[in-house]
Amino acid sequence: MDPSGSRGRPTWVLAGGLLAVALALGGRGCLGASSRPRWRPLGAQPPRDPQVAPRSGPGLRIPPGRSGAGPESSTQDLPCMIWPKVECCHFKTAVEAPLGMKLDKKMEVFIPLSTSAASSGPWAHSLFAFIPSWPKKNLFKRESPITHRLYGDISREVQGTSENGVIFQKCALVSGSSEAQTARIWLLVNNTKTTSSANLSELLLLDSIAGLTIWDSVGNRTSEGFQAFSKKFLQVGDAFAVSYAATLQAGDLGNGESLKLPAQLTFQSSSRNRTQLKVLFSITAEENVTVLPHHGLHAAGFFIAFLLSLVLTWAALFLMVRYQCLKGNMLTRHRVWQYESKLEPLPFTSADGVNEDLSLNDQMIDILSSEDPGSMLQALEELEIATLNRADADLEACRTQISKDIIALLLKNLTSSGHLSPQVERKMSAVFKKQFLLLENEIQEEYDRKMVALTAECDLETRKKMENQYQREMMAMEEAEELLKRAGERSAVECSNLLRTLHGLEQEHLRKSLALQQEEDFAKAHRQLAVFQRNELHSIFFTQIKSAIFKGELKPEAAKMLLQNYSKIQENVEELMDFFQASKRYHLSKRFGHREYLVQNLQSSETRVQGLLSTAAAQLTHLIQKHERAGYLDEDQMEMLLERAQTEVFSIKQKLDNDLKQEKKKLHQKLITKRRRELLQKHREQRREQASVGEAFRTVEDAGQYLHQKRSLMEEHGATLEELQERLDQAALDDLRTLTLSLFEKATDELRRLQNSAMTQELLKRGVPWLFLQQILEEHGKEMAARAEQLEGEERDRDQEGVQSVRQRLKDDAPEAVTEEQAELRRWEHLIFMKLCSSVFSLSEEELLRMRQEVHGCFAQMDRSLALPKIRARVLLQQFQTAWREAEFVKLDQAVAAPELQQQSKVRKSRSKSKSKGELLKKCIEDKIHLCEEQASEDLVEKVRGELLRERVQRMEAQEGGFAQSLVALQFQKASRVTETLSAYTALLSIQDLLLEELSASEMLTKSACTQILESHSRELQELERKLEDQLVQQEAAQQQQALASWQQWVADGPGILNEPGEVDSERQVSTVLHQALSKSQTLLEQHQQCLREEQQNSVVLEDLLENMEADTFATLCSQELRLASYLARMAMVPGATLRRLLSVVLPTASQPQLLALLDSATERHVDHAAESDGGAEQADVGRRRKHQSWWQALDGKLRGDLISRGLEKMLWARKRKQSILKKTCLPLRERMIFSGKGSWPHLSLEPIGELAPVPIVGAETIDLLNTGEKLFIFRNPKEPEISLHVPPRKKKNFLNAKKAMRALGMD
């Protein structure tokens, strides 16, 4: 108890007097009727006074039940009252461990809280709790049996006992008046310190809030009536508590009804299994009553209670001061020491994920020292998945750090070259750091949100599927009972037992499927966040570069050079990450292949020594039986000796099991301590080395050198760490195997000594001949030697199989093959994207930048994560196996329903007819059990590999399709804008034609005036056309000059082979010259391709500039035409409504905003022309407007008639053309289509990859369809990818011809 608590002792004592006063006043009948539910304490009995008012409304009480995980409570239990001043509370909890592990020990856990909490200690009970008129401070008491469930193999109970020390409780404190009662609810998770405690991760609290109104809560609410709280990590000895306020929604509960509000905790411990704890919490509605007061009795009770409380107060105060001061000081010192001990770091722990790596490595010792050999390989597979997930996280962190370093290095190089000032560099670096920090926070928040949502969704799906499974089981049991009504009792019992076994296996498979599906969902979420982070890093870089260009801090030429360097370095970064991933995959495959071999080796050794032990025990029994059969022992003597021998054998085996368990426990702790010490020391050494190398990285100016140093360092550290892991695994196996073999050999020797000494003496005492006994002992010795040799041979065979399996695994995951395959795919995708980009007609600088960013995003997600493919393979295998099993079950059910249809042969027909329904059902259930226990076949494994390959191909095709769609959408937007402008221009010409015709017909304009107007307008159009041609010529000349300068620069900077003299020294050998030329050819081709790409990008940008110039000119032209149309409309005095109808007729596809904008422009032209012609034009009179009003209205009809006539002419021409085409005799279209060229894309082979094949590009061609003049563009869809990277041996070719062909291919 802290000092504050000791100073508060008088307050506790004086509170007793205040309680007495409150008791007396509370009994005066102040409880009024209420129409709302009341929150009442546990154990408060309704009053039995006959003077009771009528019912005044329902109330709430907390039903009795089990507290958290503590002792059970009954209806006679006193309620737990809460004192507001108390800052600490004691929870006495008995926690049930998972899977049948019982913990009878009661733990008193001290948890300091910032708010009041429930107390189940002795001070929580009070005599006054029995008075029903105590309304103010009431407690939500929870009914919470804690149940644990592990995902995985959870249908079988684990033998033995364990203590995990995790306490999960839900409690509440009620406050407020009877009309507006509120409750403060707490959820508490305490990871207490025990011998087997472990750090918890991925904690998720799901709290039911159905029927409550919640406020002051930080949880995420779901649509299913839950709210979720999450915490990333909870260390041993720490507690995690959340609280919120709640009120009961009015009208939800009637009198006597209960509201169940359970809470569920899900977390991961060091075993990597997800554990669930569940506490029950219920609210019961109860009617409120009003007590009629008896004033005299209450007054007497008040004075008596006041005097008694005063005496007790002074007495208690004297006793506490006299006797409990020393105890309080000792308790305070103990609690301070306990709190300080909590703050001490655990041994062998470190930051940055090292502690998690150490925990994962500890699990290998747990697996090797496990007492269940059958679950070792399954646990090893789960450990491998967890390690792969951890490796993915490490690689992603490495990728992010490399990207940040590359950006900083590029800015530094730009500053050193003089293209960026140091002040701008510092400013941009600060902005990048801020953006990166915001991105990390966003990623973390999104990760937490996804994990909470996925966990809740998976839990709901699990609940639904398990309920459906239970319903199917009940239906199956009912059907079986119907079939077995006429069968015998024994047959019915056997079928019932078999059916329960089948249902258990089905539940186990269902839980495994759900766990695998949840694991896949989590892995996909991690992958999505990783890809999102990579794309956001690129987006931040490109956004900041565009911002710097816009602000003038970075010149466009420098930005272009910076982006080119960034793109080139990103290709190197992706190549480096592919190498890191392939190396990590190989090292982990080697590590777990070796671990699998170690587990099998340990199992083989245990099988051998167990076989020898069983042989020795059997020989002891055979020795007695042989003497009995020889007549040297009667039956009573044999039974007595057998009983004694079996007792000795059981005693020896029992002692062996106990010794093995105790010694393994000691060795387990010793191995973990040694392993953690060495691994942590190695991690610290590597971290110091990384820090020293990081200082050297800051002085590096070349990005290639930085990546090379990073690759060397990571490769060296990975190899060193894997070597240490392998050595520690082998050492742990040697120690455990030595311990196991020594104990088993000791037990075997004891059995042989028992046979040779004690049992021999007993037999000799009973008159057995020594020669006969000696002969049997010699035979047993030879039999034991032969058995030992046989078991050793079987062990060697299994070891050889394990070695072959490890070698095959390493061959399949060879880093060279994986890296080559990934490089080939990247080259292919690069060609695809370049081909798509080259098909674009025009792109602006900003659009080109956006396309480049999208290409980087596509290349950033071409890698394969380490964990997701393996997890996906497990899910697919489980799905295929389930589908196959369901199909077999259907066949068996059909056979039971119609047994005569199942059998084909006559013998089987007669046999099946003789069987009863019960026997058929029993055989069907046995077959189903056999199918459930059967392992996956090799065909299903191959099918899974094929499905994984198909999914990978689909992802790549989806990336290509998405990129192509973005390009097509961009070009379509440009074409759409041009089409809109052209439509508007055509509409204006139509309106001009109509207005001129009407003005000429109405003699408002003479022919000479019309000619003058048109000539003036024509001169303006010619001047506009001349300006456009001049601008086009200037742009093309500038582009040609730039291309020529670039070509000259490329030739000047080309490789030395272009600058060598034509004559070659006669003494130099031709082979040397050819070798030098061949070594420089690749550089020449790369430079040439880069020059071509730059030239193509420049031409695309130039085309965009020209299109923009033409669009601007065309817009000016439209403006001129609009000016003329508005002038003619003013002369004809066409109203605005009529002009709007005319525009809607000639522009039927235009939207309403476009028409209004065009009409507003025409109105403005009216004003302009009116201002120009104010001096010379005469104002039209009212009679003139009335005169021409009739043909104003006829304009609409005439324009519609002209458009309809033109449309009819086009329709007639199209119909005649169609009839002429149909009269011709043509070959079928399929026979006339001939595709030229052959193209296919790389085939991802399932075999080990060898020599790489060249990748041709799929082309497109145009053919004339049925000689109609229409062009049909045919894009050849490649065949299903045959991604075989094996190439047959090629013939040798002439060097010069091959070089010409390579240059021609580069030009193409």
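The backbone N, Cα and C atoms fix where each Cβ goes, and this holds for glycine too.
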Query - Site from ASN220, ASN273 that Swiss-Prot describes as N-linked glycosylation site, others unannotated there - result: ASN220
Query raised in the report: Looking at 685-717, 784-816, which one is region 'Disordered' according to Swiss-Prot?
Result: 784-816
Report summary line: Lying 6 or more residues past either end of the region 'Disordered' (784-816) yet within Cβ distance under 8 Å of it, the residues of that chain are 579, 582-583, 585-586, 589-590, 593-594, 596-597, 600-601, 604-605, 607-608, 611-612, 615-616, 619, 752, 1248
Query raised in the report: Can you check what DSSP calls ASN220 (N-linked glycosylation site), collapsed to helix, strand or coil?
Result: strand
**Report entry** Average pLDDT across the topological domain 'Extracellular' (27-300), rounded to a whole number
**Finding:** 56
Query raised in the report: What are the helix, strand and coil residue counts for the compositional bias 'Basic and acidic residues' (784-801) according to DSSP?
Result: 18 helix, 0 strand, 0 coil
Query raised in the report: What is the Cβ neighbour count of ASN220 (N-linked glycosylation site) at a 10 Å cut-off, with all protein chains included?
Result: 15
